[in-house]
Each structure stands twice: as structure tokens, then as C-alpha cells.
């Protein structure tokens with residue numbers, strides 16, 4: 001919810017030049033985030049009240065302990081877009097294939113994940129370059145934090 005709110009606040013002055021679909025994307029992202037803020041705590045409270053695994057097996061012999069809870073499904077659905085974004089980031093050919101696809105579901109996924117970029121569209125780096133770039137920033141951040149706080 002915080003991320004969707006910050007997106008709306010930071011793009012507030014640009015809303016006059018946005019198309020309807022771009023505004024709809026921001027509003028839907030905020031609504032979905034608000035729904036997740038409700039669903040995840042409710043699912044977690046149900047999960048704690050009804051434990052799974054060995055605790056459920058030992059406390060209740062009559063029910064099946066192998067059935068996952070609603071909370072596990074909610075977490076899997078909640079994490080799916082982030083996992084897809086990571087896959088697309090580390091495997092640029094997947095992103096290139098998705099951008100060329102005419103499938104409605106893939107178009108919806110791309111529309112939901114990020115707005116269309118017109119500058120540099122279709123330019124992709126190979127996986128090795130992306131890994132080197134990511135490692136550079138991770139190591140830079142680690143070194144900065146290490147020398148700022150511990151030395």
C-alpha cells in the first residue's frame with residue numbers, strides 16, 4: 001500500500017498528461033494493495049489459529065494435515081509478480097519474447113508490471129552484463145554500509 005501511495009504521490013503532477021489506462025493502472029494498483037493489506041493479516045490470523053504441519057498432526061488426528069492453509073496460497077499469489085519480475089530481469093530473452101507477444105494475458109502482465117517505455121525500447125543486455133551490473137551495486141552498497149558504520 002505504501003509503494004502504491006508513493007507512486008501516486010510522485011506522479012501526481014503528471015496525471016494531466018497521462019492516458020486513461022495509465023491512471024487506471026495506478027488506481028488499480030492502489031486498490032489491489034489495499035485488498036492485500038486486508039487479506040494477508042486475516043489469512044495470517046487464521047493460520048496461527050489453525051496451525052499446520054506437525055503441530056496440527058499431533059493435535060488433530062481426524063483432519064488431513066497435508067492441506068495447505070489459505071495463508072500459504074495468499075503468500076504465493078502475493079509473491080508471484082515479484083518472482084516473475086526477477087525471472088524477467090535475469091533472463092532477458094524471456095522479456096524480449098513477452099514484449100513481442102500478442103497474447104492478451106502477457107500484454108496485461110506487462111501493462112501491470114510497468115508502464116511502456118519509449119526511449120530504449122527493445123534494447124536488452126545479456127544475462128552476464130546484468131549480473132555484473134547488479135553485483136557492482138550490491139558490492140558498492142555493502143562496502144558503503146560496512147565502512148560507514150563499522151570502521
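Including glycine, each Cβ sits where the backbone N, Cα and C put it.
All annotation found in TrEMBL is predicted automatically rather than curated by experts.
Listed ranges 48-69, 70-91; the one TrEMBL annotates as transmembrane segment is 70-91. Range annotated as transmembrane segment by TrEMBL, chosen from 26-47, 92-113: 26-47. Beyond the transmembrane segment (130-150), the same-chain residues lying 6 or more positions past its ends with a Cβ under 8 Å from any Cβ of the stretch are 89-90, 92.
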